[in-house]
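Visitor: Can you read through this structure? Questions will come right after.
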Amino acid sequence: MALKRYQPYLAMIFIQILYAGMALFSKASISNGMNPYVFVVYRQAFATLALAPFAIFLESNKTTSLSFLLLVKIFFISLFGITLSLDLCYVSISYISATFAAAGTNMIPVITFILAICFRMESICYKQSHGIAKIIGSFVCVAGALVYAFVNGPPLYPESHKQVHYLTSNATSKGEWIKGSLIMLLANTMWSLWLILQGPIMKQYPAKIRLTTLQCLFSCIQSAIWAISVKRDIAAWKLGFNFNLLSVAYCGVLVTGLSYWLRAWVIEIKGPVFTAMFTPLSLIVTAFFSSIFWKETPHLGSVCGAILLVMGLYGVLWGKQKEAECNNTSHQCKEEISSI
């Protein structure tokens, strides 16, 4: 019973380790010369093959119809949400470190919250503590991302290993780092938009695994068309039994396939706020292994930016949690009054 109680915690820790591995493996493959657009194609192909059997056998009893109009909606959501997001993400990894790529994911809950306000899917109560927490947390999180991207500061320990081959950097200028940071911000914005659009689509097509598989398939086709148009060198598409194969298989099967199952299971037990609370863990794991294997030297500015990111994220999540508790209390009071 004690082990069962801690299973959701262990599952979320494992998921964040998988996401940290995604940043590390992707950075290594792209730094070794693999084209980022080709990487996306292979990743989505592996994800589609991994999810398809589960979609066929586990949801065979669902008779949800798929109209042409709905198919078109899924196609465009996949294009703007998944394909563009992944392509931009892996292009940005060419300019930034794996640690910053992991840090950027902490912006996704806040960007999603801001976009939800713009689309009037989220409300803010300025007179309540939870509303103030969400506003302040959003600003702190954005400030943390800016500090992480643009402020280096002194290294936390002497860079005695500068002569070691630095795998994670093939672009060292400040301008390229800023360029990569802005591209990563745009990629996270597109991913947040995809998250927002999932709600309306799932109401029309509630078969979640089939929907995810379909979006991965569309994304694979879209990515392939784009990759072929910009990279016609056949040599760039060769995928042997090497580290690149391991990277795309890891990102497709484990990150997209396995982590989807675990996250959906945890959400059913603990709710979405609980799962979001573990997001900063991938940054810590990535920074730790990048420091060991790739000799990334943490700087004071990066550490301060990461702290602000985490503080801002938890501020928004705390506000969301308190708002949900207030709404539940209010709903219960109305039910009690109506029953009298």
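A Cβ is built for glycine as well, from the same backbone N, Cα and C atoms used for every other residue.
Note that TrEMBL annotation is computational and uncurated.
These came from TrEMBL, pasted as-is:
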type     : residues : note
DOMAIN   : 9-142    : domain 'EamA'
DOMAIN   : 179-317  : domain 'EamA'
TRANSMEM : 9-30     : transmembrane segment
TRANSMEM : 36-58    : transmembrane segment
TRANSMEM : 70-93    : transmembrane segment
TRANSMEM : 99-119   : transmembrane segment
TRANSMEM : 131-151  : transmembrane segment
TRANSMEM : 177-197  : transmembrane segment
TRANSMEM : 209-229  : transmembrane segment
TRANSMEM : 241-262  : transmembrane segment
TRANSMEM : 274-294  : transmembrane segment
TRANSMEM : 300-318  : transmembrane segment
Visitor: I need to check the long-range neighbours of the transmembrane segment (209-229): which residues 6 or more away from its ends have a CB within less than 8 Å of a CB in the stretch?
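Guide: Beyond its ends, the transmembrane segment (209-229) has Cβ neighbours at 35, 37-38, 40-41, 44-45, 47-48, 51-52, 54-55, 58-59, 62, 64, 74-75, 77-79, 81-83, 86-87, 201-202, 256, 260.
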Visitor: Taking helix as H, G and I and strand as E and B in DSSP, count the residues of the domain 'EamA' (9-142) in helix, strand and coil.
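Guide: When I sort the residues of the domain 'EamA' (9-142) into the three classes, I find 106 helix, 0 strand, 28 coil.
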Visitor: Do any residues, 6 or more residues outside the transmembrane segment (241-262), come within under 8 Å Cβ-to-Cβ of it, and if so which ones?
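Guide: Result: 11-12, 14-15, 18-19, 21-22, 25-26, 28-29, 32, 34, 39, 42-51, 54, 212, 216.
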Visitor: When you check the transmembrane segment (274-294) against the transmembrane segment (99-119), do you get at least 3 Cβ pairs under 8 Å, counting only pairs 6 or more apart in sequence?
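Guide: When sequence-distant Cβ pairs are counted, the transmembrane segment (99-119) touches the transmembrane segment (274-294), since at least 3 lie under 8 Å.
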Visitor: At an 8 Å Cβ cut-off, counting only pairs 6 or more apart in sequence, do the transmembrane segment (177-197) and the transmembrane segment (70-93) clear the bar of 3 or more pairs?
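Guide: Judged by the Cβ rule, the two regions touch, with the required three close pairs present.
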Visitor: Do the transmembrane segment (70-93) and the transmembrane segment (300-318) come close, with at least three CB pairs under 8 A (pairs 6 or more apart in sequence)?
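Guide: No; fewer than 3 Cβ pairs under 8 Å.
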Visitor: As a test: from 9-30, 36-58, 131-151, pick the stretch that has the greatest number of Cβ pairs under 8 Å with the transmembrane segment (300-318).
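Guide: Stretch with the highest Cβ contact count: 131-151.
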Visitor: Which numbers of helix, strand and coil residues does DSSP report for the domain 'EamA' (179-317)?
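Guide: Helix (H, G, I), strand (E, B), coil: 118 helix, 1 strand, 20 coil.
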Visitor: For the transmembrane segment (131-151), could you work out the same-chain residues 6 or more beyond its ends whose Cβ comes under 8 Å from its Cβ atoms?
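Guide: Beyond its ends, the transmembrane segment (131-151) has Cβ neighbours at 100, 103-104, 106-107, 110, 113-114, 124-125, 177-178, 181, 185, 301-302, 304-320, 322-323.
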Visitor: Please report, as numbers and ranges, the same-chain residues at least 6 past the borders of the transmembrane segment (36-58) whose CB is under 8 Å from any CB of it.
Guide: 26, 29-30, 82-83, 86-87, 90-91, 93-94, 207, 209-210, 212-213, 216-217, 219-220, 223-224, 226-227, 230-231, 236-237, 239, 244, 247-249, 251-253, 256-257, 260-261
Visitor: Given a Cβ distance threshold of under 8 angstroms, which distant residues of the chain, six or more beyond its ends, lie next to the transmembrane segment (9-30)?
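Guide: For the transmembrane segment (9-30), the nonlocal Cβ contacts are 36, 39, 90, 93-94, 97-99, 101-102, 105, 167-168, 243-244, 246-248, 250-251, 254-255, 258-259, 262-263, 265-266, 274-275, 278-279, 281-283, 285-286, 289-290, 293.
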